[in-house]
């Protein structure tokens, strides 16, 4: 049962026993629940399957009237099973066995199962007993197998695209997907969950029978109804048995098999229905074809005409938009429309469907009868009906929308009319009541009564004014009704006019009463104001008559300020008097006709009050002027006392400082005290000017006769005496401090010198002389640095003596000074002596260590080689002799190398003996031992060399003799083998082939014999004991050679001129075989199935073409020879040959044509496969696009919409990118079709399909993008609405706050409420913009109206509510508290003005730019506050009006208060403006000074760059530096010019600081000029650097040219190698041929061909080798040139042997020319001449190359000399640059340190100056003294704030400290040395030769000439110690010596190391030394110097 899943899907069958065991074993309740749940699900699934399968079985058994009640029981006997199989298969089964016994049941079941086996139904693990036993699982499996076999297996659907047939289950699923495609909410992916909602079943039925199901009314959320509906329709209408119940499907995991069983019944039914329909139509056509056709045509046309006419009339009716203008009329029209849709339209729809069915049926019948189908006339087509019906649907939809809109409009109008009537009645009642109230006139006779009447009237007026909106609302409603054409508009307008008339009359009454009330209130306020003014005058008069004129300066200032306020009050009071009198005059002479002649009081009373007020004011002015004069006199007196007290305190403070005995304890403290002293003197100078001005003020008071003149004069005299005393103290203290500086400076310098001497003493007195040569070298270099520093330190000590001579007398002769100088001089001399002794000890140790090292290494090597030589035993084995000889050659090279070491040891020994070294005896012993060992080794080597050479030569001679004899015997055997050949054509040809190659071999043998003869003569001389054996060998060879020549001469005469024809025929047979084989291959019809197959076939075909081209020359050669042979021949054999040649020609042409045809076919196949590959890729892309487009999501947030748009835009971008690939496919297809491809139709269809799918995807993508953009706009609008809604909610919460009930802080609440109202008004545009956006969105997208409309309405409602709430809150907040609010507003403004006045008076002066900026910020803040206060002042007018109405009795007070506030506010504005102007001027000055300082700093920053010695290391870097510097200077110059112009303008304006500005500008211009000059100088230097880099670039270009030429030669060599390989391959084809011949003659012919092939191969290969042996390379440096010279010498040696061969050829040629005549003689002569010409050409080439190599060697020697000189110069220059850079860096750091010290001294001086003040414990005894101290402390705090910036700057680390810290943390001395060494190496690398190529020539082995021992020692030392990284591993320079033919080695000499720079010293720093420069060398300790070529190598050249 492989096709059936027998087990339920759970895979487990639960038994009770198993469950119990599990429960008892695990005792886990969760596991038990899980298992029970699984069992329940399995049972449920089994129950559903049983019910479904039972119904399915009954549906088939019902055909024969049978039925089963239980699937498991009724199938046990097998009878029902057999009947079921008979029904399903249509075949007869064997008769069932009667009986009910088990055996009978088993037999019946077995028959059924046997039948299933015969039907190829595989049942696994199932037998008849399983059915009889009623196994549930197996019974269900059997039924499912039967269903699969007889119901599902035959379902097949073939896909059109790939012709692939699906399985039955997949086919059924695909059928369901095809039938349900396009139905909403239906997506059939499986046979379980996809059918759960029932829509899939309904869709299947609706697809085939749409008349049975209204699919549009089905809802996905009601699955039970959907399932029941589908099952009922299938049962009632289609007769399909309902195998499932709705609850069986509407579950979480429906049973798949049950659903498949039920769906299969649908499949078979609809398939059968289709077949039955077709069959019935065929029968009908046969019976009533003609009559039905005519009748149907007439009926169709009649019905079509009627239907179209009805549709047209209905559309006209529906398009009518003349609706009734009342609600009832519109409702009746909507009822009529609904009646049309329910009763009139459905029959017409059915009629339309019947017409479609009728026409389809009619056309189908006619086609079935082979008749021409009926085609309706134009206008009566189904498409015409559908178009007309679509128009009807559209008109119907529009009619419905219009009716509903009109209905809504009429309902709104009715509601609006009702609201108008209700509001109009309320307004009429209210207006009548208020008219009666306003007509009353009872105001009262005092201010309180009138104010009460005014408040009452204001309340009435406020209510009436507030009611205007309600009246306007009624008017607005009426206008809206009129605009909307309300049917009862006349009544509405009449009532509206009545309301407006009542409203206007009420306003007129209100205005008249208001005017009368205001007159009364004004008069009463004027009277009240007069009373207030009189009271105020009395109060001011009492204050002016006071006798208090102040007891100190602060008191007088306070009284003056108070008097100024009094005067301001008097002035304000005068203005109020004038204002009040002017207002009162109006009531005396005024015209009151506007109020009907109403007068609030008698004019005489008013005049009396005016006169009283004016008299009181004049008296007040007189008293104020008298008091002001007395206060000014008092202030001058107390100001003088204040200034004198300040001066006296300052003088006393400075006297304490000057009298201090502290003169410092060291140099730093003395310098600090000096700086403090200088600052003190500067401060005294500035203070004296101030003192003089104060004294002058006192004299002025005396001359003016002030009442305290006597006390003033006494005070002046006292201050003058104190000042003189202070000056004397300052002069004495300065002198003592200067002497202390010199004294402490001397001891500081002496301490530094003493410290340095201690450090140096430790170095020069060290006993360490090193452990080996390397350590001694290091110690020597360090000692040299110490010695140099010691010599240079003499100047420091002399400077210290001069410094001591310049001390003061008492300090100069002090014992400490003299003792210090003597100690320093004595210690310095000791250091010099110790340094000399240590240097000598180090030199002796170095020489000794060198000698011992060299001697030990050489002795060890000699011992090893002596042992090696004693073990070498001479044998007769030639191979062992060759090995010994090779080893001996390497040993000689080692001997030459170690000879120089021996010379070095001897030289060192002589030097040590000359200086009388303490270890002289040991040195002599080492030297003698070494020389003795060396001489013994040399003698042993010479003896062993002679012995090896002799034995090797003898063995070589014997071997060559034996080989020569064998060679001659072999040739003799070849000649003897030709005796058996006959005289026929074959024999003659064979003999000719064999003897033709013999001549060349004999010439070679002759040359070999001559060389053996000369070798034998030499060996006889060297080895007399072997002479006889040697002569025997030579005689034997001579005899064999004579015999061979005789045999060859006999056989040479037998040759003839036959055999060419036979070779031709053999070649012809071979060519015909190849031609036939190739034609068969070309004629192949193999077609490729893939791109790789096409490429493979095309490559194979191209290989055939190459083979054909290779045979073309052979074919032409055979053709020519055959034509020549057959020309004029009549012999039958020759005629047959001519026919073969003709057939050969035809076959050759046919082969070429076949190849071309096959080539074209394969090319088209390749193009087709390439197109199919690209098309498949394009389809994959299109499938991906379609898959993406099928998933369309609707965003519900702005972020989601934005993300979807981004994703979609990315998808479109991908589509654009993929379009290029698709366009390439389409272009390729078009090109193939244009070229006439054989598969053009297939390509066209494929390309058209791809293009259509691409366009469809593009269209869908654009549509989706448009929809997404619409959603984005919608979501943006909704988000803005949400934000506005949240804002409204917050503001509504704030507006509903009830804090207004509290009267505290009323003014601040008022201000906050005003800000709140402004915020609301500012955001009103936001609501309007949102409404406009919503309207526009609804207009553009009507479908969004239902969503946007309510939102806009809600927002408008909330906004109106917020505005009304805000207005009500304002009324509640301020209506009853107007007076309090007014008072608080005035107090706030008045207090702010007072505060501002104090700020302006006490404004501090601007001392620097920072203070100015702070003051400007404060000024801006004040001006901003001024604008806000200006608005509050303006609002006071409005508040004053309301307050007057509330409190009319205080009208004059209110107006006076407002006038005073306004006046003070106006006065304060002018000082504020003047203060801004002053601040701007001061800021301009400070900004100018700051800009000048900034420019100076910028110039200082750029100066190091302009003087930087780094000019770039490449052309690009130099150009970038030049451009950068030039650009910065040019861009900055306008800034300098603008500053100069600004300064000149200030000077021209006559500024007091003009001189300072002039000095600043001159200094700036001087620095600017210096910077520009430095830039120009650097530019010139950079130009030289560019030239140098250009020269280097040129050298690199030349070097690259040489490398490219080498690469060219390499590729030429590769090309020649490829040619040679091709030639070898061609020859290899012949050499590897497996053709071995068919008979003796054929084999002989092949053998002769092979010998000829071998000779040609050898000759051609030799020729190629000689032609390419002489290279053109001349070397890249001296080493490579030496290697080439050695190779050339070896090559010339080889030519000697070649010359003997040429001479032998000449001799043999002369001998042969004597024996031959005619053509043979000429041929021999030509060949001889050819050899001689080649020999002469070779000699010329060799001589030319030798001269070129010699010239190249001289050239590179010259280059080495120049390079060494350049390296020398570069090192010196780099040392100088390093010294300059170090000194510059040091000076910069010291400058910064001194600047820091200066700033620190200034800061410390300020601190010390302030210390006495802070330490002063005086806190004041009286109020005046405390106030004085407070003023001083305030001044101190300001000064401290000013100094804060300076202290912050001092806390920052200097560059010196930062660098020292970094050095201590990061840098190591080794890293510094390494970095400097690398920089020096980079500079030297510029002059070194280019690096060697990856595969260099072998290094030359220089021949070392014997030189004096001194030179050898220097050579060894140079080889060991002076190699630099650039030269390490390179061989020495080879140069010829005068008078010698051998090259000698020029070795660089070593000079003593030099320090890179001297030590830096400072007398104050103790002579701190910089790190010594490290020279380059093998250990970083030494420098190299090379002698000039040809000079004496022993003479060193200094650097």
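Just so you know, glycine gets a Cβ as well, placed from its N, Cα and C.
Among the ranges 1625-1652, 1653-1680, 1681-1708, 1709-1736, the stretch that TrEMBL annotates as coiled coil is 1681-1708. TrEMBL lists coiled coil at one of the ranges 946-987, 988-1029, 1030-1071, namely 988-1029. Among the ranges 1208-1242, 1243-1277, 1278-1312, 1313-1347, the one that TrEMBL lists as coiled coil is 1313-1347. Under 8 Å from some Cβ of the coiled coil (450-484) lie the Cβ atoms of residues 409, 413, 416-417, 419-420, 423-424, 427, 430, 434, 437-438, 442-444, 492-493, 495-496, 499-500, 503, 506-507, 510, 513-514, 517-518, 520-521, 524, 1371, 1375, 1442, 1444-1450, all in the same chain and six or more residues away from its ends. According to DSSP, the secondary structure content of the domain 'Calponin-homology (CH)' (47-151) in residues is 71 helix, 0 strand, 34 coil. Note on the coiled coil (783-810): its mean pLDDT in the predicted model is 80.
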